[in-house]
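K.L.:
Dumping the structure here so I can ask a few things about it.
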Amino acid sequence: MLLSWSFLVLALGGLAAAVPARRANYVVHEKRAAEPSSAWTLSRRLESDMVLPMRFGLTQSNIDRVEEILMSISHPESPTFGKHLSPEQVIDMFKPSSETVDVVKSWLVGSGIAPERIRITGNKGWIELNATVAEAEDLLNTEYHVYEHESGAEQISCHSYSLPGHVQPHIELVKPTVHFNHRVSPGGYIPEKLKKRTGKLGQPSPYNGPKTNGQTPSINPTLDECDEYITPACLRALYNIYYTPTQTGRNTYGVVEFTPQSYLATDLDMFFGNYSPNLVGSRPTLVSIDGGQYEPSQYQGFSYNGESDLDFEYAMTLVYPQNVTLLQTGDMVEGGGFDNWLDAVDASFCTYEGGDVPSQDGIYPDTAPGGYDAPESCGIIPPPYVVSTSYGQDEVSATPAYAIRQCNEYAKLGMMGTTVLYASGDYGVAGFGGECIDATTGEETLNGTRFNPDFPATCPYVTAVGATQVSPGRTVYEPESAAETVIYSGGGFSNIFAMPSYQATAVRHYLEAYPPPYTAAQYNNSGNVRAFPDLAANGVNYVIAIDGEFELVYGTSASSPVVGSMITMVNDARLAAGKGPIGFLNPAIYSPLFAAAFHDITNGTNQGCGKPF
Ligand SMILES: *[C@@H]1O[C@H](CO)[C@@H](O)[C@H](O)[C@H]1NC(C)=O
Ligand SMILES: *[C@@H]1O[C@H](CO)[C@@H](O)[C@H](O)[C@H]1NC(C)=O
Ligand SMILES: *[C@@H]1O[C@H](CO)[C@@H](O)[C@H](O)[C@H]1NC(C)=O
Ligand SMILES: *[C@@H]1O[C@H](CO)[C@@H](O)[C@H](O)[C@H]1NC(C)=O
Ligand SMILES: *[C@@H]1O[C@H](CO)[C@@H](O)[C@H](O)[C@H]1NC(C)=O
């Protein structure tokens, strides 16, 4: 096989014939998966003296050991429990081995590249080199072409490229090559701006964020009325959270919001005036990520303010006097995706395995009018000890590569001592808007019959938070039920992620003792995939101040910041006792050691996709 391939190369390439010793053992490394659409036509060979900013992504060490390493730090029975890693230790753990760096460097130098032209990036994940097109074509045994779009825009790309057999295992990918996203511009070659973004996390939509039924609540209910109106007092009684933080100078709690979602200061004060008078005039501490700002004049209405108002009214009240950090992500033009806030808390993630994905994330700098035209926010703050995010997307709308890259990053945050919480969605086993997956096409539709789980909740390295309710006529002193008022708590099984070891016993017991009346036609019932959520907390009938009035809202959007507040208080107590933050929670949640701290929710359903259960 190898022989005939090298024969082909030698026979076809004049240039290759001149350097037979090097080309003889080349193997194809990446090939374009699909040809560009018919709107693009191949225009010409790229000029051989143009300079390309070549980036060689080096193979990471230990990436297959992510779960094992995370468990050794976060499983309560592990001897190294709580021994979190520093950012430098995480970089060291996953950085390419020195052998990898040496092999790739010697290959470049042996090919005639002067060592001083080769640079290794700060996170040690990439080798950078400005190479002429002629040099790049020679190194990669390829040809670069310019493609022209009907609109006149140009892109460069090669159809496939090769590497020497002994170098190939040390390189994950090379850019720019087959990835059809580099356009020609007078200043050089820059990643193409996305045409269509699927993320749109902060864009108003009736499906994202908490739901309202427009009811005007009683704003000072007694504890007997928590089945109709949830207030901070109801939550304290329900979960026995009577605790005043003392470690406020050291503890941190962040909540992520995606622009154009924003809180309104007047709403916070209206809520605080009624439920936490000490907080009137207080605001979350803004961390501006990729141009995110407090710009209330631009945003009005429930679907712009509902999520942020809810998050900060409850989180700030519950953890007072602990400050809460607002991770406001994205500018007004592009907004942001999950990778954008991750870049901001971990500089090494900015470029890890190639960096952010234009179909999902904001790509900065943003040169559009009004855009954030500055370098992307990369490692601008240390990760807060707890981060709650009440946004999600249907797992099926992410590619496995995108989801896995991001999920590994949550594991790294866990190794560093951060608890990452995500709301599990408001549509039961269905996806946003009640859509399910069509069994034939794999597309999302209202008529779909396959269950449609929510990401990042399905990532086994986040804590997914579902919603419960105090059922009508019940009190805060009785067990809660799954949320079935206005929303159904999101839950189910992943189609991407395997089952993590920490939940295997619990989930297999559930599947055996209470087998769901569904088959492989609805979900992966192998018993070997990630099940979610991990925790649930009340998400029904929350009284919030929104756009100048009190309303009732519903959603796992409420549950996640409330659980985040509780974990922040756990961290406060740990810090006060001279310990570190708790970090990744799930192994403790499922451990018999902590079983007494949780109630099983045994009543209610998370229906969807036309199924009642
Ligand atoms: C490549 O060239 C650009 C533009 O001149 C420069 O900013 C960059 O540092 C160079 N990179 C390397 C690895 O030499
Ligand atoms: C909390 O935030 C306020 C306002 O941003 C600031 O003045 C105060 O120093 C912060 N407190 C702590 C303990 O960080
Ligand atoms: C769903 O099914 C109905 C009835 O079979 C059909 O009229 C409709 O077009 C379908 N909708 C979608 C989105 O496929
Ligand atoms: C179900 O998950 C298992 C374990 O990840 C996997 O091997 C299997 O292919 C999945 N089944 C389907 C139908 O996707
Ligand atoms: C179980 O849930 C149903 C429906 O929400 C509710 O009517 C009932 O009161 C709940 N039972 C208990 C014991 O909470």
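Cβ coordinates come from backbone N, Cα and C, glycine included.
Grabbed the feature section from TrEMBL, which reads as follows:
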type	residues	note
SIGNAL	1-18	signal peptide
REGION	191-218	region 'Disordered'
DOMAIN	229-613	domain 'Peptidase S53'
ACT_SITE	Glu307	active site, charge relay system
ACT_SITE	Asp311	active site, charge relay system
ACT_SITE	Ser557	active site, charge relay system
K.L.:
Around the C-beta of Ser557 (active site, charge relay system), how many further C-beta atoms are within 10 angstroms, looking at every protein chain?
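P.N.:
So the Cβ neighbour count for Ser557 (active site, charge relay system) comes to 29.
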K.L.:
Averaged over the whole of the domain 'Peptidase S53' (229-613), what is the pLDDT?
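P.N.:
Overall, the domain 'Peptidase S53' (229-613) comes to a mean pLDDT of 94.
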K.L.:
Just to verify a number: CA distance, Asp311 (active site, charge relay system) to Ser557 (active site, charge relay system), in angstrom, no decimals.
P.N.:
8
K.L.:
Whole-number answer please: how many Å between the C-alpha atoms of Glu307 (active site, charge relay system) and Ser557 (active site, charge relay system)?
P.N.:
7
K.L.:
By a simple count, how many Cβ atoms lie within 10 Å of the Cβ of Asp311 (active site, charge relay system), its own Cβ left out?
P.N.:
30
K.L.:
Let me check the 10 A CB neighbour count of Glu307 (active site, charge relay system). How many other CB atoms are there?
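P.N.:
Around Glu307 (active site, charge relay system), other Cβ atoms within 10 Å: 29.
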